[in-house]
Amino acid sequence: MTRLLIMGPPGSGKGTQAVRIADKMAIPAISTGDIFRYNVKEMTELGQEAKRYIDAGDFVPDDVTNRMVADRLNQADVSNGFLLDGYPRTAGQVEALEKIMEEKNDTLTAVLVLEVPDEEIVERLLARAATEGRSDDTEEVIKHRLDLYHQETEDLIEGYVERGIVGRVDGTGAIDDVTERLLQTIYNIRARTGTLPVIKPRTND
Ligand code: ADP
């Protein structure tokens, strides 16, 4: 069982790395941003509720987000673990996730924090705006998302640091190199906290 969080500012490469790490570990990468965007595209009730927040670069309200994540973590493919990308982002979400984990008698394996300087973030997101055309990648909204990260999300990491499960990883440089750093960091945390998977020897009986 591997239960991971990946945190970091918008544009730090969380989504890209989450998919790679999750593939390697045979667990689903769960991106709240992707789920919201999918619902916006499909014009579901959830999408119609979320759209105005996303376009403004604001957080979707906790009650909506928490309910969505709780539902997702109850689906069958999560039995082997999960990698949450972009959740939690508020103190209320940290609390909600704790409740979900407690109910399942589970604990988090590791919290990965991707670090990229603000100047590079803005550059990356403006470049993405030109190619992907995400509605929230305008300069003004990017700055707002970055501010929100520093105001609301960054300090949440400290609570996980106290549990000895945080690994900070340099998110700059080649994508493959960042993936390697992340995998090594997960290994180090597991070795330190004693949560490496146990491989039993074969016996004759
Ligand atoms: P980024 O990390 O680049 O901001 P995401 O794709 O993770 O991009 O999120 C896009 C938008 O989706 C956010 O700006 C926010 O409106 C909404 N969102 C995603 N995750 C959350 C969350 N955990 N809580 C509230 N809103 C969220």
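We number each residue from 1, going along the chain as drawn.
Just so you know, glycine gets a Cβ as well, placed from its N, Cα and C.
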Co-listed ATP-binding residue [TrEMBL; alongside GLY11, SER12, GLY13, LYS14, GLY15, THR16, GLY173] among ARG52, ARG67, ARG128, ARG134: ARG128
Tally of DSSP helical, extended and coil residues in the region 'NMP' (31-60): 22 helix, 1 strand, 7 coil
CB within-chain contacts under 8 A for THR16 (ATP binding site), separation at least 6: ILE175
Listed binding-site residues adjacent to ligand 1, that is, members of THR16, TYR87, ARG89, ARG134, GLY173 whose C-beta is under 6 A away: TYR87, ARG89
